[in-house]
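Note sheet for the following structure.
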């Protein structure tokens, strides 16, 4: 299907803001159907033509959850991750699990780009902000998790996988969850290597590592460690659980829902939706449809590929 030029889109968007009230439908029909590169061109063209930042105009014109979804989606993926991570390190909006999510579910290259975008926008590093806003075991896990640039290849050393599976099992059996070696393995090994290690762990010791880390305690560090392992090795399961909690609350967690749909729409949202249906026997789009309304509902469904 024909995609209009960035200048056509830019003029259409400008028109959506003018006159009485905003044309939300038009905004959805344009932005929800443009990929990251196209959205970037629209923003550049908009600034050249109107001397304004499209994001600022969207911010002025829209409100509530719909606005958050449009703004997050319109951002470049690396800028978006930088923005989310920065919010997560601030006093009032601090949220360590979002830091873990970004550090573990992005590819090493995506994480690197997010950290570069962070420095450009916030004039400091993500690592220093994470280190400053955390302490103790959580700092010990999160700083290398965001800081280390993992190897991205598929090669696996099976001897290493066996010895490190054994090492992980010993530390977990001793409840030494914050042991340097355990943190080193989780924060430095490539995703392929980590997967091999955890497969071996499962085969050798008869339990997935996740189950062995599920102690009764409400320990935030352990929750973050489990989330990191899941995000690194099985991201669609990580996101499925997040969505299930977000949708099945006594009232939807819109922030989580918006974040997952906007950050994964161009990555693995289809796989996440399959996992969701498999686990909950309800299609994800139907669950979202039932739980949201108005323009907010429309943009989420459009990003899932289900517009009217």
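From the backbone N, Cα and C atoms, a Cβ is placed for every residue, glycine too.
Note: TrEMBL annotation is automatic and uncurated.
As annotated by TrEMBL, Ca(2+) binding site applies to 17, 19, 21, 61, 247, 249, 251, 291, 292.
Around residue 292 (Ca(2+) binding site), a 10 Å sphere centred on its CB holds 22 further CB atoms from the protein chains shown.
A simple Cβ count within 10 Å picks out one of the binding-site residues 21, 251 as the most packed, and that one is 21.
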